[in-house]
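Straight from TrEMBL, the features:
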- A:5-167: domain 'CSC1/OSCA1-like N-terminal transmembrane' (DOMAIN)
- A:188-343: domain 'CSC1/OSCA1-like cytosolic' (DOMAIN)
- A:356-621: domain 'CSC1/OSCA1-like 7TM region' (DOMAIN)
- A:6-27: transmembrane segment (TRANSMEM)
- A:97-116: transmembrane segment (TRANSMEM)
- A:146-165: transmembrane segment (TRANSMEM)
- A:353-376: transmembrane segment (TRANSMEM)
- A:388-406: transmembrane segment (TRANSMEM)
- A:418-438: transmembrane segment (TRANSMEM)
- A:450-471: transmembrane segment (TRANSMEM)
- A:483-504: transmembrane segment (TRANSMEM)
- A:548-580: transmembrane segment (TRANSMEM)
- A:601-622: transmembrane segment (TRANSMEM)
- A:628-647: transmembrane segment (TRANSMEM)
There are 2 protein chains.
Amino acid sequence: MLLSALLTSVGINLGLCFLYFTLFSILKRQPGNVYVYAPRLVAEGKAQQENDFNLEKLLPSVNWVKRAWQVTEDELLTTAGFDAVVLMRIIIFSLRVFSFAAVVGVFVLLPLNYMGNQLNFDFIDLSTKSLESFSVSNVDDGSSRLWIHFGAVYIFTVFVCYLLYREYKSLSSKRIEYFLSSKPQPHQFTVLVRGIPVSSARSISDTVDGFFSECYPSMYLSHSIVRSTSKIKALVKYGDKVHKKLTSLKSSNQSEEKFTRSGFLGLFGKRVNMVDHYENKLENIEENVRTEQSSIIGKEVAAAFVCFKTRFTTATALHIRQAVNPTEWVTEPAPHPKDVYWPFFSTSFIRIWISNIVVIMACILLTIMFLIPVLIVQGLANLKQLEMWFPFLKGILSITFISEVITGYLPSFILQQFLSFVPPIMIMLSSMQGYIALSQIQKSACIKVLIFTIWNIFFANVLSGSALYRANIILEPKKIPEILAIAVPGQASFFISYVVTSGWTKTAENLFRLNPMVFSYIKRKFLGYSADDFAVPSVSYHSQIPRMLFFGLLGITYFFLAPLILPFIVIYYCLAYIIYRNQLLNLYAPKYESGGKFWPIVHDSTIFSLILMHVIAIGIFILKKLPLASSLIAPLPVITFLFNSYCHRRFLPMFQSYSAESLIKKDRDEQADRSMNEFRDKLTSAYEDPNLMPVQYSSSYQSLRSPLLGSSQA
Amino acid sequence: MLLSALLTSVGINLGLCFLYFTLFSILKRQPGNVYVYAPRLVAEGKAQQENDFNLEKLLPSVNWVKRAWQVTEDELLTTAGFDAVVLMRIIIFSLRVFSFAAVVGVFVLLPLNYMGNQLNFDFIDLSTKSLESFSVSNVDDGSSRLWIHFGAVYIFTVFVCYLLYREYKSLSSKRIEYFLSSKPQPHQFTVLVRGIPVSSARSISDTVDGFFSECYPSMYLSHSIVRSTSKIKALVKYGDKVHKKLTSLKSSNQSEEKFTRSGFLGLFGKRVNMVDHYENKLENIEENVRTEQSSIIGKEVAAAFVCFKTRFTTATALHIRQAVNPTEWVTEPAPHPKDVYWPFFSTSFIRIWISNIVVIMACILLTIMFLIPVLIVQGLANLKQLEMWFPFLKGILSITFISEVITGYLPSFILQQFLSFVPPIMIMLSSMQGYIALSQIQKSACIKVLIFTIWNIFFANVLSGSALYRANIILEPKKIPEILAIAVPGQASFFISYVVTSGWTKTAENLFRLNPMVFSYIKRKFLGYSADDFAVPSVSYHSQIPRMLFFGLLGITYFFLAPLILPFIVIYYCLAYIIYRNQLLNLYAPKYESGGKFWPIVHDSTIFSLILMHVIAIGIFILKKLPLASSLIAPLPVITFLFNSYCHRRFLPMFQSYSAESLIKKDRDEQADRSMNEFRDKLTSAYEDPNLMPVQYSSSYQSLRSPLLGSSQA
């Protein structure tokens, strides 16, 4: 890719970012848009809704940047939860890493690369010069300057590992603190039990009671049997919708709207009073729900939520195998009642296991299918190939600007569009794996999306772009470093363009919320929706975290190969820092709290990036005929791996479960607390299926159906 | 290998076996030999020692076979423990598998193979005919007879899996039964804690007390701090030796022996009364031990045995992470006090981890070094190569008998000799890995020896013998089935000879106890040792089980390739059945009880053998130009793998720990038992280091040093 093509891409995206920022600064202050830009504040009743219009509001303001900047981590913790803190920590950690990398890269390595003569470019015309002259490929073979690259790799690795260690340590102790300061939560006292042995003589409920009062006589509290309520759920959902329409209809003043015709699309037939119509419908639904509910009481599934009096007993029930037969009475941590989600709930471990195999197969298939867009994208980047395929395009492609857009902007834009389908697909696949909580599904999807992105965006592009793509690279482990060393530096400009498109513009779009903005406008103006219909969104960690981590991977691998990418990455993280802070404060409400379980993914991904960098470095030094440096790099991946395995041993268990020490301390602290009795009373009904509560479409209906779904802190 | 060479080898070994049997039948009835052949009965005081000699005793008797045959499994369980039952179950399981295999192989597959014409042998002279005419290689390419082999593979796999499932199920429930019926054991109430945080303000003992009385106030009983007592241990051992000598000296009647000279080797210098000399020495040692003991009290290691009141609390302390920092207060199951063994005890996880890496490296090195004997052996089997290397041997090698011994008997004999060094080396390596119990060390060594045997005896022989040995076979996974299919059938005769040498003769030698017999004779006759010096041996599971499993692997892989091996394997297991029963009753005393933890190794090894057979079958059907059969075999390894993973899920946890249900039941059963208080009092001192007990070389000395080391049942 030529420098000019890259500049075109950067220009287009910079323009888009600027546009989004300006529009956001203006539109966010317009009446009505508060539901789009600060639904969280509206839901909490904190938004000032000024409906009067004045001209001053049309001027863009950057007050929001100041506000987002000033928020402390503690404020973030209380308002947005621990997961949000982890998200911000990822950004801050990356900013630290890449600020250091950018300083070293741009001021030390870049000039060194540029001074080399390996690639023999014309020194006069910078614009047509390939970007490769800034990369390590331009350094002369066997040059002693390469030792500076060598040193940079070592220093950078040590620096990143130090930061990783510090973050892991700080976050793990913060997680314990957060747990110790949290209020009692239902899921801290509850386990989910699957594989309850079914006998014809006793009901499942009696079996559960019998087993746990036998094993934990003083500590067993209660249980709720799981029932398959998908049919009632659909009915209740429909009822809610009708009830909402009815309410809005009743409150609306236009009597005209209250009538419709009973025939096709409301165009023919006799006039019907809409209020009567909906009320009849609602009664019907209520009736149906009641019949279903009474019939379902018998339909017990062999699974139950079991509540205990203390956290320590809950942990005991979790960690010790309960029954002699390991496939019976299988316990796992219960999610927060709000977090429970099981479209594919299953009690038998064989079904869970088979669906796992199916999901793995589906992921592999998806990865293979995704090679098609990747190959198209790489075809665009090689303009000559495109001309060969479609000769009639020759005329258009000879216009400089268009050819620059096509080679510079379009490839990463198309890839970005295809990639946006991946997170929803992965969420669907993860939910099929039999997880019982949204948080677990999102974490699993996050890992899937990350692996998918690294393989399909990094490796597939690198290897297909250099016509070296062969599936059998895995079968020749010795050649991997050299193949990567040849292929990776050549793709630097493509990835710079990718950072700009997928990083800058996508993040700015996230701020401006293009789609919700447009939909909300259409809904309000043409479909007569009221403000209540705009739900408060939650952070989609499974798409945001993999993107951040992928840029981290790009930055780390290209750090000494082509340092030109680093400033772009730093700018991306700066944008992300401000924008996510603003969004976490105004836009997103946490749906659940995983207690920072995303951090280990970040750690592992960074370690993988470091080791990938080392492998490429080994290849580069072989290619550059500096075999000594190549052998001296070899211990680095081993040391990094050992460091990682130390961290796993030292910190990972703290993210998986709480220790006996903390649990006992927390239990003891609450012993004297009188509100605990009240909490325990509520606990018994916390995991009752809300769909089994009596349905009554009156004003009190909403409050009836959610007994203990208060705060969602972990 | 020619049939005649194989027959020579079988003949030699058959002769040896017969010799050993006869000698055993005669010698076991001679006075004095009871210490060699039934030391266990002597130790238990059950052996009738008839010292009068009569001629009848010189006639071989087979009464012992009858006695060994009649023992029931329950008797075995009470006398030799659960591990012995598992050992016998391995043999019975293998007997069942290979009886079935032998019937199918010899009566169905063997005639089929023999009727083929692929190898075009001369039909007249059987003696010079290669054994390959009995193998699947002789079946014509593309012959429809191969479908019978195909069916046999399927039926055999189903049969083996059914037996595996049945055994796993029966043994796992037997294990629970055994646990439920066992008497309270110290290690059931104890955990070993490593990584106790050291502070200068408090002693380690106080820290342990503080922590556990805080966390388990009602259930914590006591603890014993671990101390590094290797120096005292050596002193005490030396003292024991001297004390023994003194006692025998005092009881001996020959006054001559009580004097020696003080000079070089007792030849010069003035005459000294030996009794005085030893008594002085003993006093010195006692003094030294006392000084060391008083100085060591402060030398605490940051590890302790912690005892609890109930088994359930012990399990809780084991399974829940104790401290916030996962590298502190690390718990693991305590071994039985008799089983404790830690020449390389370490409290820091980093040292354990590093020594693990070192041990893995050492194992790999050993495996590579072992290729040298393997290559020598394969050189012997190829007589022509040998003649090329050493032309002067041509004369000798032309004698038929000698060439038959060299190609038939010698290779497997040499391999057998080299292989006998492996188990002790593996025990040493395993003990360096930081295990704290003999049982753990033996289990780990058992796995190491098994992998080593399979790789170095099976794969190295197969691949080097057919000149296809390449380290990069692993890098070409697609070619593995074909390479194995070419190489494996050719080695059938070598492995038959190996079964005969390493199986038959070695097992018969095990019965006759050649080395202990000779040593005991020399010691008694020439060195004047008394009978007390002959310790009761324990079963060396780490060398016996891998051998049995390796014959299982041979039998399973050669089942349809060269069924001729099967009768030899069946005979081996028959021999083993009778001999091990006899030895378990008379010879071995269990040193510890692992509770059947060796069975999962047997299961995994059998599954591996089955999958190896499938892979070879795929290769064979490709070679034999029956691609349809080859593709239809492909699902079989997948199904076997799934079966294995089901068994792992269903039974393996039962071999790893006991369930809450059983633990609570056992605790409750003992609640009413008054002897429990007494047991608990003893428990507190069970893990006191015996080397720290007061030393006094009087008659009561022995009993002073072993407070609770009674029975060793788990």
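Glycine too: its Cβ is placed from the backbone N, Cα and C atoms.
Scored by C-beta pairs under 8 angstroms, the transmembrane segment (A:97-116) has its highest count with A:548-580, from the stretches A:418-438, A:548-580, A:628-647.
In the predicted structure, the domain 'CSC1/OSCA1-like 7TM region' (A:356-621) carries a mean pLDDT of 83.
In this chain, the transmembrane segment (A:353-376) touches the transmembrane segment (A:418-438); three or more CB pairs sit within less than 8 A of each other, excluding pairs fewer than 6 residues apart.
Long-range contacts of the transmembrane segment (A:601-622) within the same chain: residues 86, 90, 93, 136, 146, 149-150, 153, 157, 160-161, 164, 167-168, 443, 446-447, 450, 454, 480-486, 488-489, 545, 549, 552-553, 556-557, 559-561, 629-630, 633-634, 636-637, 640-641, 643-644, 647, each at least 6 residues beyond the stretch ends and with a Cβ under 8 Å from a Cβ of the stretch. Only sequence-distant pairs (6 or more apart) were considered; of these, at least three Cβ pairs between the transmembrane segment (A:388-406) and the transmembrane segment (A:6-27) are under 8 A, so the stretches are in contact. Nonlocal intrachain contacts for the transmembrane segment (A:548-580), taken as residues 6+ away from its ends with a CB within less than 8 angstroms of a stretch CB, comprise 10, 17, 65, 68-69, 87-88, 90-92, 94-95, 97-99, 101-102, 104-106, 109-110, 113, 131, 134-136, 149, 152-153, 156, 160, 450, 453-454, 457-458, 488-489, 492, 495-496, 498-500, 503-504, 507-508, 510-511, 601-602, 605-606, 608-610, 612-613, 616-617, 620. Listed as Cβ neighbours of the transmembrane segment (A:483-504) (distance under 8 Å, sequence separation of 6 or more from its ends, same chain) are residues 1, 5-6, 9-10, 13-14, 17, 131-132, 134-137, 381, 408-409, 411-413, 415-416, 419, 457, 461-463, 465-466, 468, 473, 547, 551, 554, 557-558, 561-562, 564-565, 568-569, 571-572, 575-576, 612, 615-616, 618-620, 622-623.
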